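According to TrEMBL, the features are:
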type	residues	note
BINDING	Asp103, Asp105, Asp107	Mg(2+) binding site
BINDING	Cys104, Cys120, Cys127	Zn(2+) binding site
COMPBIAS	1-19	compositional bias 'Gly residues'
DOMAIN	56-128	domain 'Phosphoribosyl-AMP cyclohydrolase'
REGION	1-22	region 'Disordered'
Amino acid sequence: MTGGTPYGRGGGRGTGTGWLNGDMSLDPEIAARLKRNPDGLVPAIAQQHDTGEVLMLAWMNDEALHRTLTTGRATYWSRSRGEFWVKGDTSGHVQHVKSVALDCDGDTILVRVDQVGAACHTGDRTCFDTGRLEMLG
């Protein structure tokens, strides 16, 4: 993570949009609603905005959420590489963000996107294309 506290919180006056505060970090009102894991991360589900298709699960910290809200491009935190990644910067398979919502507990982020190309690193449209698990019973 870059600068500030691990959760990207800072002072400043809210903008009224609920997205930013005066010092360009995540609005404290949004930050206060998030329930993070011990690493400061929240799971983020990417969903195709017009069909409801679930595309992938990734992780966001406060700064990744802030970047997503301010740029309109889905930005995640890579747990394996320890860095931010903007979906599509390398592959060209961009996620244009249409809306972002928190669930009722604040422990999951739903990112509704317009997915260009494959969402999964395997080249599949979604990370859930490998078939269904058989129900036992």
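Cβ coordinates are placed from backbone N, Cα and C, and glycine is handled just like the others.
Note: TrEMBL annotation is automatic and uncurated.
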Cβ neighbour count within 10 Å of Asp103 (Mg(2+) binding site)
13
Excluding Asp103, Asp105, Asp107 themselves, the Mg(2+) site's Cβ centre has within 8 Å the residues Lys35, Leu102, Cys104, Gly106, Thr108
Sorry to bug you, but what's the C-alpha spacing from Asp103 (Mg(2+) binding site) to Cys120 (Zn(2+) binding site), rounded to the closest Å?
23
Among all protein chains shown, how many Cβ atoms are found within 10 Å of the Cβ of Cys104 (Zn(2+) binding site), not counting that one?
6
Around the Cβ of Asp105 (Mg(2+) binding site), the count of other Cβ atoms that are within 10 Å:
9
Take the C-alpha atoms of Asp105 (Mg(2+) binding site) and Cys127 (Zn(2+) binding site) and report the distance between them in angstrom, rounded.
25
Using C-alpha atoms only, work out the spacing between Asp103 (Mg(2+) binding site) and Cys127 (Zn(2+) binding site) and round it to an integer in Å.
21
Residues in the domain 'Phosphoribosyl-AMP cyclohydrolase' (56-128) grouped by DSSP into helix, strand and remaining coil:
10 helix, 29 strand, 34 coil
Within the chain of Cys127 (Zn(2+) binding site), which residues six or more apart in sequence place their C-beta under 8 angstroms from its C-beta?
Leu55, Met56, Leu57, Ala119, Cys120
For Asp107 (Mg(2+) binding site), the nonlocal same-chain Cβ neighbours (under 8 Å, six or more residues apart) come out as Leu34, Lys35, Val42, Pro43
Cβ contacts within 10 Å for Cys120 (Zn(2+) binding site), all chains included, total 15
